[in-house]
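Take a look at the structure set out below.
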Amino acid sequence: GLPTCGETCFGGTCNTPGCTCDSSWPICTHN
């Protein structure tokens, strides 16, 4: 399955592959 995106981020990058950080939402989500 896909990795879970749940890291807290603040306009930065996510350590989990396939995840992105939206500047308006401080949690990594699937891109």
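Backbone N, Cα and C atoms are what each Cβ position is placed from, and that goes for glycine too.
Sequence annotations record features per position, and here Swiss-Prot assigns disulfide bond to C5-C19 (among others) based on similarity to another entry. According to DSSP, C5 (disulfide bond) sits in a coil region rather than a helix or strand.
Swiss-Prot lists C9-C21 (among others) with the feature disulfide bond. For C9 (disulfide bond), other Cβ atoms within 10 Å of its Cβ number 19.
Sequence annotations record features per position, and here Swiss-Prot assigns disulfide bond to C14-C28 (among others). C14 (disulfide bond) counts 20 other C-beta atoms within 10 Å of its own C-beta, drawing on all protein chains shown.
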Same chain only, sequence gap of 6 or more: which residues have a CB within under 8 Å of the CB of C19 (disulfide bond)?
P3, C5, E7, C28, T29, H30, N31
Let me make sure I understand the structure: which of the disulfide-bonded residues listed (C21, C28) has the fewest other Cβ atoms within 10 A of its Cβ?
C21
Three-state secondary structure, C14 (disulfide bond) (per DSSP)
coil
